[in-house]
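These notes concern the structure reproduced below.
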């Protein structure tokens, strides 16, 4: 009496996939909000970074000055990011993968060790936690080194890798919330627009990167968060590797999917991939964004077959279960990693969290509004991905909705709520 | 006893058709906690060994990750004899290190100045950070 597979509902498949990407995004945002509320007082330090080299905002400037300064700052930042991304494309083109991997490991170490250490020190000072320096150094060292390993080593435990991605995103996001206010908002909008351009325009660096990676069938070195895939059946261990590419390839009847991964220094992108499984339709949505620090998540490449891209000249070869040779697969994008799960770039995590962190600096009402806006934006992006099946930027929709909600909450909703409360009408 | 049980199990499968045993398809046991997404048997051995050796560089957390990663090995010990050695040794190493570090940290935190005298002020982290100016942002 064989066990019948449980009938899977849409909640199990699609819902589970979405939850598995929304949960870490929410965790990251929540932790940044927590850090911001605990650590930020009125005297928040102003850091000098790339994002504020042009103009350093002080509270005594006029509104016009602040606006001009913020725009200049964000333009400068976007320019730097564009240049860096083009350099990344160039390095990738010249196959300097080792260097890129090394650079990513190094940046992960810097973020975890130095930024993590500084934030830990600030927390220790604020709470007067009686830890001694020896213990602190040992713990920090462990944390940072295992984090670098999680990024470098191809097969660390999934939970550990995911955890470290979220932590890195949180640390960088917190650091970004220390920018002056007007600069932050201008920067977010500028990055959303840049992302749109970089991914969709033909000359955009991210698009170039994706296409390069696709034609070469290589993985783009980047920091990406990969969600655990939703499995309905056990993959036979012996043929696991082969099977993974296989059922990705069996898109034949089920409307196939494409997965693209594109990662570049600062553009989040969204990829969608649908894999037809052996027994059922399994939808894998891949959202890939990109990380601030590009880092390779060395995972097995599992090329996907995309029927949709037939026109664009990629070879499509959908073999049956028997002939799975890597060469035969049409690569339309960088594989989803070994298991066809959703991937979201770290840049997305970071900028979503920056937005919510900044909202937290004003009031919790804006936090709730921005959180809902971002999650809604993420959902819309996923839907667009399912619809268009090509690389899409993940930042624009969420960020623009978030900014819109922030300003309307701050300017309109708050007055309404406060007046109602004060007059004891509701709330 | 084992053979008896398996025979019984086999008998149950063939004759009565009841039971749990017959309805559960044979599932392969994976050495890693990620199951089919994780490592194969051979890779697991090299990973376990490498994690164990690297842990000696003052990295007990790596030992803990090793144990976490190969948790099924600890649970179904007989199936993975060689991997199990490394994982058990990692677990012991982690436990020992944690006990040592924990006791030192607790003594430091609870004992405080009464126990250590003025040295405590020099060792505690927030003072060290102040001394070296580590908490300033650049």
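Backbone N, Cα and C atoms are what each Cβ position is placed from, and that goes for glycine too.
Predicted, not measured: the structure shown is a model, and the values here were computed from it.
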Stretch carrying transmembrane segment according to TrEMBL (options A:158-176, A:215-233): A:158-176
Region pair the transmembrane segment (A:158-176) / the transmembrane segment (A:368-388), three or more CB pairs under 8 Å: no
Stretch of maximal Cβ-Cβ contact with the transmembrane segment (A:70-94) [cut-off: under 8 Å; candidates A:134-153, A:182-201, A:368-388]: A:182-201
Any contact, the transmembrane segment (A:368-388) to the transmembrane segment (A:182-201), with at least 3 Cβ pairs under 8 A: no
Outside the transmembrane segment (A:106-128), six or more residues from its ends: residues with CB under 8 Å to it: 35, 38-39, 136, 140-141, 143-145, 147-148, 151, 164, 167-168, 171-172, 174-175, 223, 292-293, 295
